Amino acid sequence: MGKYTVRVATGNLFLAGSPNLVQLWLVGEHGEADLGTQLRPVWGKVEFEIDVPLHLGRLLMVKLRKHNRLLSVDWFCKWISVQGPGTQGEVFFPCYRWVQGHGIICLPEGTARTLSDDPQNLFKKYREQELEERRKVYRWGSWKDGLILPIAGNRQPDLPRDERFLEDKDLDFSVSLAKALKDMAIKGTLDFINCVKRLEDFKKIFPRGKTALAERVHDSWKNDALFGYQFLNGANPMLLRRSSRLPARLVLPPGMEDLKTQLEKELQAGSLFEVDFSLLDGVKPNVIIFKPQYVAAPLVMLKLQPDGRLLPMVIQLQPPRYGCPPPLLFLPSDPPMAWLLAKTWVRSSDFQLHQLQSHLLRGHLIAEVIAVATMRSLPSLHPIYKLLIPHFRYTMAINTLARSRLVSEGGIFDLVVSTGSGGHVDILQRATACLTYRSLCPPDDLADRGLLGVKSSLYGQDAIRLWGIISRYVEGMVGLFYKSDQAVKDDLELQAWCREMTETGLQMAQDRGFPISLESRAQLCHFVTMCIFTCTGQHASNHLGQLDWYSWIPNGPCTMRKPPPISKDVTEKDIVDSLPNLHQAHMQKTVTDFLGRRQPVMVALGQHEEKYFSGPEPQAVLRQFREELAAMDKEIEVRNAVLDLPYEYLRPSMVENSVTI
């Protein structure tokens, strides 16, 4: 009994408030009090006091219902706090979601609880009802056979209300896209009239001053050192691996004994590396405006110099075929145009695997599986839900847009990319079949690829450092709520979440190392660290480099219009005729600009304003996480100041807190 002070916070955006009246109830250990329709949730915060004639005891939750008269307007509720008899200060009830319709919504107090933390089953019914309702809304969909599962829905309106873009993100995305399409429509009409005759003609669609690194790529893209550098620290650092033997597909014809000797020497020294694009072998190429495009499956052998430079030694553009002569091998000593064309073919192949395997699959689609499995399996009271939920913002929305506009039938891939019109789906299916749990964990992935300790692998150094910071953050949070390995084993919600992800979302991926149960705190921490890194650093390392490395079209052509060369008699015209035409190049540049630009509505890693955890201990863990991120950010800034080519894609202030673009 006594007076309670209630504060209600509405979202900051213009359309977050509602004119509808909201009814509140306070639910305590000893009773429930109806506060009546006391609230009209306008923009900002609302505070009121009310006398409650009941002894409620410890507050457990707040219930609310929006009353719809003539008009129902959704309301975005950030949180509710209550202070009164027995609360020992302000009690916090996080919400951070839309209140729709007229049903009753329950907001439990913000202290995270596993099932075992609720021995009196005060929240058991709430947890079960919440998950039952969520599973009706967050349904698994299907896009293509052989791929991991997406959220059900083909358009943004099909998604749960809480997963759609808020108005600031929606406005920025829509206006920027409309501007990009208008620019492409205006300038693109001239592309069918004009043509590219020389490589430098691509400057017509390369406005100077894009980024400092893009300028450098334009000036030095023919350089072997820059070619090799991209496999270490470029847009796609996921393919390079140290050679343990000479690849079986590398057939050396008579007369190349010197090359074999050089390769074996580097192999013995541990400085021989390879990039194998065999995943592209046999992929059906696109046909664009009745003209066939071409796809190759190159192999590149490279040597790591003592000064850290990675230099190509030989390029094979296609695997050997039974009954056919050995494929042509290209060397740095070849005529310059022949060597340049071979490297350009590699860059185009890298573009395909980067966009589909490294970026779309490993960044976007895996993050979506994590998000959907979490929403279907963990109630909002669960500590792992509270830990993960900030890293799902806008992921389902941007992925739905990608499936409907980028890789859909008639989408961007079909219009301008050599693997469009079905080849891209084939690549995704192949990449999914060989996707392993270890490949998503940088310490394991870099070890498996022989890149640990390679000083010129700035991606590798930063990925290990960022993984470690996230891992300590996860360990800190997990340690607050799981005091033993047995506590992990006994958490039925946690085990259901793990199975939902591996067996359903990832489509029975346990044979590729993904767990179907969590047996210890260490295993749980590793799994959750993988989830957060995938939604943040993994995506950032494959997204942020697009504007730098693909603005100059010859360095990352989206398609090739002539077949791979079968001789070394190559002219500049042969290269130009192989590269995208001006229309294709302009479309690639437009999409790269749109997707690669810095996002104005961006939340950096760990900087989310939402407060899902109550209590000082979780806040202390989050504060330590942010301090470590700030220290890493500063150290990268200092390091980059003395580097010829700065690497920033895993700088914490540039890594987004979730997959949003």
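Our numbering is plain: 1 for the first residue shown, then up by one each step along the chain.
Note: Cβ is positioned from N, Cα and C throughout, glycine not excepted.
Marked as Ca(2+) binding site by TrEMBL: Gly17, Asp74. Taken from TrEMBL, the feature Fe cation binding site covers His359, His364, His539, Ile661. For 2-113, the entry in TrEMBL reads domain 'PLAT'. For 113-661, the entry in TrEMBL reads domain 'Lipoxygenase'. TrEMBL lists Trp98 with the feature site 'Essential for stabilizing binding to COTL1'.
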I'm trying to understand the geometry here, so how far is the Cα atom of His539 (Fe cation binding site) from the Cα atom of Trp98 (site 'Essential for stabilizing binding to COTL1'), in Å to the nearest whole number?
27
Beyond the listed site residues His359, His364, His539, Ile661, identify every same-chain residue whose Cβ lies within 8 Å of the center of their Cβ atoms for the Fe cation site.
Leu360, Gly363, Ala367, Ile398, Asn542, His543, Val659
From recorded positions Trp98, His359, His364, Ile661, the one whose Cα lies nearest Gly17 (Ca(2+) binding site):
Trp98
DSSP-derived helix, strand and coil totals, residue by residue, for the domain 'PLAT' (2-113):
0 helix, 66 strand, 46 coil
Surrounding CB atoms that lie within 10 Å of the CB of Trp98 (site 'Essential for stabilizing binding to COTL1'), all protein chains:
19
Cα within 10 Å of Asp74 (Ca(2+) binding site): which of the recorded positions Trp98, His359, His364, Ile661 qualify?
Trp98
Rounded to a whole angstrom, what is the C-alpha distance between His364 (Fe cation binding site) and Trp98 (site 'Essential for stabilizing binding to COTL1')?
24
For Ile661 (Fe cation binding site) and Trp98 (site 'Essential for stabilizing binding to COTL1'), what Cα-Cα distance in Å is obtained after rounding to a whole number?
22
Distance, His359 (Fe cation binding site) to Trp98 (site 'Essential for stabilizing binding to COTL1') (CA atoms, angstrom):
30
Within its own chain, what residues at least 6 apart in sequence put their Cβ under 8 Å from the Cβ of His359 (Fe cation binding site), listed in sequence order?
Asn236, His539, Asn542, His543
Give me the count of other Cβ atoms within 10 A of the Cβ belonging to His539 (Fe cation binding site).
25
